[in-house]
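Per TrEMBL, the features are as follows:
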| type | residues | note |
| --- | --- | --- |
| DISULFID | CYS107-CYS134 | disulfide bond |
| DISULFID | CYS162-CYS171 | disulfide bond |
| DOMAIN | 79-136 | domain 'Sushi' |
| DOMAIN | 136-172 | domain 'EGF-like' |
| SIGNAL | 1-24 | signal peptide |
Amino acid sequence: MKMMNRRYTVLLSVFICQVYTMLAQDCPSKQDLQNSIQQAQKLLSSQEASYMQSLRTLRKKLNLLHDSVARLPAKPKNFTCPNLDTPVNGRKLGKTLFPGHEVHFLCDVGYELAGSETRQCKDSLSWSGQQPVCKDIDECLSSPCANGGTCTDEVNGFSCFCAKGWAGPTCQSPTPTFFVNIMNTSPVVGGGAAAASSFPLTHTSAFLRQPKCSQVQGTTHCTCEPGFTISGRENSVCTDIDECKLFHNGQAGRLCLHACVNTAGGYRCTCPAGYNVTRDGRNCKDIDECGSRQNNCTRDQLCINTYGGFQCVKVECPQIRNATYVKTSPTRCERNPCPADSRSCSQVPNSVSYHHMSVVSNLSAPRVIFRVSAVRMMGDTLRFALQGGRGRRYFTVQRSGRQTGELLLTSPVQGPATLDVEVEMSELERRELLGRYITKITIFVSPYEF
């Protein structure tokens, strides 16, 4: 308690110094004084919440320790569960073998877990769950090879053998074929005539050119400017080549990332609103409206840059019965100290954090898109769980370390869409709940795949 009083004294001194500083400069306004008082109140509430939470956690740990000691036999013998094997191509987290403690299992990249991810040492000195096994993931099950390609499963990946006319890691791109006709010869020795390439004729003068012809030893040689091909009756005109149609605009192997516009003798690429065309003239780069101040968010809102736009978000602390929260940062709310006799208050989350992110449409899955970690542990184990939200069916939670959980996207999402999901991290000491921490994640899915 002396430490707590000393901390409050320091905080109060800082506040008084701030007020006197304002008084020394100019007579402060009523609003300035109220703002300073509110800042001090928030700071004191945060420190008090942290201090009281530490006291409650320490009290719980002491009570649990007292109960454990009281239950110990006079001469404990083999008071542990048998040691567990680490699965091949996997890891084991946790070494304590006493009742109530948990051991967690993870698989290496390219393998999936079959069996129990978490096993607990029971009072009967046996383990809950089933022995875990790490099995190789068959990436070919999702048929990743397109356009008739054959998939071969490999360790941590796959390879595609493409059908004729297709190329790329997943056989997604047509093999480039170039049509060139820079010369027409008439007549041809032997009585034949040279065949001219046939492209759709655009009935616009800008898309037509006169060929350049010359006579060489009684033979007519005609050529066209780059981007044009010879056509018409007796090959008398040069017609623009529609590169956008030739290279299947909108499909794999396209010239432009977004949209292709045919021009006389060439083409140009365009991007949707919220993007700029890159220097190569083919790709699109997202405009950061938040960083460049091209947004209309108010001072009490957060500007979240998204692919092709931005979102204005206002973070507000949750309204929960029998508990109150104070905002300790723009994206975090912490629970105020609970009354000593209020069990309902102690069961609500200790803190709620808010995070916002943007992803492209149809993002490949499975994919880790967010991690939740504990800075420090007061208990002996952490549990991670998916609680709810509008996008829950697209996600799952998996453990990646003793103090870290991962939010995993399990299937692609077609944009535009806004998904919400809640990840809960629970801290326990010998199965006794010490605290709950909620992370609310909002994912803005772009209408585009870039």
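From the backbone N, Cα and C atoms, a Cβ is placed for every residue, glycine too.
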Query raised in the report: Per DSSP, what is the residue count of the domain 'Sushi' (79-136) in each of helix, strand and coil?
Result: 0 helix, 23 strand, 35 coil
Requested in this report: Around the Cβ of CYS134 (disulfide bond), how many other Cβ atoms lie within 10 Å? Please give the count over every shown protein chain.
Outcome: 21
**Report entry** Set of same-chain residues at least 6 away whose C-beta sits under 8 angstroms from CYS107 (disulfide bond)
**Finding:** PRO87, ASN89, GLY90, ARG91, LEU113, CYS134
Report task. Ten-angstrom check, please: count other Cβ atoms within 10 Å of the Cβ of CYS162 (disulfide bond), all chains counted. Result -> 20
**Report entry** Neighbourhood of CYS171 (disulfide bond) by C-beta distance under 8 A, where only residues 6 or more apart in the same chain count
**Finding:** CYS145, ALA146, ASN147, GLY148, GLY149, CYS160, CYS162, ALA163
**Report entry** Local confidence of the prediction over the domain 'EGF-like' (136-172), expressed as mean pLDDT
**Finding:** 83
